[in-house]
Amino acid sequence: MICITSVMQQDAIIELLENDHSTNIQFKLKEKKGPKLFFDILEGDKQEAADLAKKLIKAAPWGSILYFQSIAV
Amino acid sequence: MDKLTAWMEKHILPIAAKIGGQKHLVALRDAFIGTMPATMAGSVAVMINAIIRDLPPQFWPDYDASTIPIISQIIEVNGFVWNGTLAIAGLIFAFSWGYNLAKAYKVDELAGGIVGVATLVQGIAFSYSTNIKGAIPKELVESINQGTADTGWSATSHGITAGGWGWLNLNHLNGNAYFTVMILGAISVIIFSKLMLADFTIKMPDSVPPAVSKAFSAILPATISLYVIAIINFIVSKVSNGQLLIDLIQKYIAEPFLGLSQGFGALVIIQLAIQVFWFFGIHGMNVLAPVLEGIWGQAQLVNIDVFQKGYNGKTGTAAVLDAVKDGKAYLWVRGSFDAYTMFGGSGGTIVLILAILIFSKRADYLAVAKLSVGPGLFNINEPVMFGLPIVLNPIMFIPFILAPIVTTAIGYFATVLGLVAPVSQQVTWVVPPMLLSFLATGADWRAPIVTLVCMVVAFLIWAPFVLSANKMEEVD
């Protein structure tokens with residue numbers, strides 16, 4: 001599982017990660033708890049998934065100015 | 001708070017995203033960052049000189065580094081590093097700006113960088129001339145004038161003139177060039193890029209190797225863009241009685257603009273904006289990087305340059321202070337924020353961690369604080385920002401906004417009143433607090449004390465809110 005902490009663009013983050021098929025890592029939202037979004041990793045390593053999520057968010061048009069955290073849990 | 005967040009997401013985030021994603025501003029930010037390998041290397045050289053040349057005389061007035069073996073050689077070596085980095089920081093920035101701007105337009109980046117360099121260099125001084133008035137003996141006049149072609153010296157019975165062509169003025173290639181590079185570089189590289197995109201290029205047959213074809217395709221756009229700048233330089237020179245555009249930009253745009261950045265009000269506004277962005281989960285530094293680096297970053301380069309090169313016959317901090325009086329150096333620069341407001345990270349959160357460890361009765365706060373101590377010592381505060389959290393936590397809003405503004409005031413007025421040297425070195429932000437301000441001020445032993453005062457005051461601001469959070473647990 002990975003945890004993305006962001007108070008902004010939560011819906012956009014969920015849509016971005018769940019619809020990403022660029023690698024074999026697949027994200028599925030498990031729980032939304034305040035600023036924290038927990039994603040199950042259906043396939044692949046969770047640390048790699050956390051890094052990929054960070055990369056995908058930063059590459060989004062709004063990602064460069066978002067203050068967020070992506071960690072494996 | 002949810003309504004406020006929704007409002008921020010709807011109204012502020014799109015603006016911040018536009019600023020943060022605006023291709024010219026992104027290119028500008030990346031251009032500043034792109035110069036770091038050179039500027040940091042130069043800063044290391046200047047800092048070593050500050051420690052071995054300028055620090056000891058504070059304690060031993062008779063200390064003269066130039067007479068001490070090894071120390072004097074190290075200083076000379078550092079001079080070479082400075083020559084190739086900070087002394088020509090504007091030239092390096094010109095390439096970086098052209099490269100990144102061309103990259104933003106998705107055209108030939110290398111050619112964009114070259115256009116950027118050529119834009120700057122075509123408008124700088126290529127010669128110098130100076131004279132000394134006084135009676136010169138006839139024999140000496142003849143002797144000097146015989147060697148004019150080689151020496152560049154000429155003389156009359158009333159004085160000596162020294163002049164030469166082919167001597168590039170370093171004051172046009174260092175940090176002073178940034179505004180000119182930003183303005184003229186933008187004009188030339190955007191023209192270049194638009195022409196490239198319009199395919200206004202020389203077409204080569206398919207048989208020509210790609211590298212040759214690429215270089216040829218950039219010829220027409222680069223030539224046209226550089227001629228546009230040349231015509232601007234020519235017209236300005238004619239209407240201003242031979243003055244150079246770079247000098248006019250420096251005098252009428254850069255210096256007044258940088259002067260405005262030295263007011264306390266400007267510091268409060270920028271600090272407030274950074275903190276509010278952070279609090280609402282927007283990367284304050286990324287959004288405001290073009291402003292921070294474009295204004296206070298340039299001021300810092302000017303200070304570093306003056307520190308190393310000297311001013312009015314002085315070197316080090318004394319030179320910077322003299323230059324400040326003449327508006328040629330600055331009291332508050334980019335590194336001043338790091339030295340006096342960002343100990344532990346934005347918001348001065350290392351003292352928050354300390355306050356939690358002393359006063360908090362909340363197990364969750366204590367756990368986060370213990371985990372955050374290590375990163376906090378190196379000014380990394382994501383664990384505490386997201387762990388407590390501080391982001392969007394109403395109880396933490398006031399101290400998070402207030403503490404950096406109050407500590408900015410302490411650092412600013414301590415510098416203005418001469419209680420501490422201005423920041424004159426570039427120190428990477430992950431250097432622990434107090435050591436950072438010591439190094440950043442060219443090894444001024446008073447700087448860590450000012451930082452300590454800032455930390456104590458920030459601690460007093462944070463502590464009541466940590467105590468309040470104890471009561472909130474009971475409510476929860």
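Any Cβ shown, glycine's included, is placed from N, Cα and C.
Per TrEMBL, the feature domain 'PTS EIIC type-3' maps to B:8-465. Sequence annotations record features per position, and here TrEMBL assigns transmembrane segment to B:31-52, B:80-98, B:177-195, B:215-236, B:257-280, B:339-359, B:397-420, B:449-467.
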For the domain 'PTS EIIC type-3' (B:8-465), what's the model's average pLDDT?
91
Can the transmembrane segment (B:449-467) be said to touch the transmembrane segment (B:339-359) if we require at least 3 CB pairs below 8 Å and skip pairs under 6 apart in sequence?
yes
Give residue numbers and ranges for long-range contacts of the transmembrane segment (B:31-52): same chain, 6 or more residues beyond its ends, CB-CB under 8 A.
65, 71, 74-75, 78-79, 81-82, 84-87, 89, 92-93, 96-97, 99-101, 289-290, 293-294, 297, 301, 304, 307-308, 316, 424-428, 439, 442-443
